[in-house]
Amino acid sequence: MLSATATVIKSVPKSVGALGTFVSRLNHTLPDLPYDFNALEPTISAEIMRIHYTKHHATYVNNLNIAEEKLAEAMETKNVNQVIQLQPALKFNGGGHINHSIFWQVLSPNGGGEPSGDLMEVIKRDFGSFEAMKTELSNASVAVQGSGWGWLGFNPVSKRLRVATCANQDPLQPTTGLVPLFGIDVWEHAYYLQYKNVRPDYLKAIWNVVNWDKVAQNLHDATMAC
């Protein structure tokens, strides 16, 4: 297990008034990675994992903290223009932090195979079969133009599972209302060093490391919150 404490994240100073102090207490940090960088090989190489976690995710966290610091200052000075201008940075970097924090947890060196129990029954109910769900999610993820994510989500209104995609780092729940259960990062930095430009090969392989226990827990938590 790798600790996030080894990565330096820019902290938010506490000298920006009451709101700034509140924001600084919520300073975002990298979550601990629940396995070593090489643990997902051969599906995901150690080099990809190291760069993805320590560079890309760390950058989202760092830039989110900077954006929130600027937001606190803008709100303290009632600078509405600045508040509006910061929204894209907050969405992009906040989404990147949310998405990757989910992504690390739904992968496991002991993953793969098929889910069981309630999760499998709900998948069969909503997609007809496990293979049908895999095919729909894989096809949707392959078809993402440019960069983005493929998701298996839970609709808290209909109480059913749905496949959805999001562009760039748009987070699933604020964007679509679906609660994220399992996500696939289809930004090139997630696979290019190993799979080059053949995204379908990456999507075929990633099913070998899905942490179905965590996905099942996400479903349980989503249904309990309804």
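Cβ coordinates come from backbone N, Cα and C, glycine included.
All TrEMBL annotations are machine predictions without curation.
Quantities reported herein were computed from a predicted structural model and do not represent experimental measurements.
As recorded in TrEMBL, the features of this protein are as follows:
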BINDING   H52, H100, D185, H189  Mn(2+) binding site
DOMAIN    28-108  domain 'Manganese/iron superoxide dismutase N-terminal'
DOMAIN    115-217  domain 'Manganese/iron superoxide dismutase C-terminal'
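When pLDDT values are averaged over the domain 'Manganese/iron superoxide dismutase N-terminal' (28-108), the model yields 97. The local packing around D185 (Mn(2+) binding site), expressed as other Cβ atoms within 10 Å of its Cβ over all shown chains, amounts to 24. In this structure, the binding-site residues under consideration are H52, H100, H189, and the one with the smallest number of other Cβ atoms within 10 Å of its Cβ is H189.
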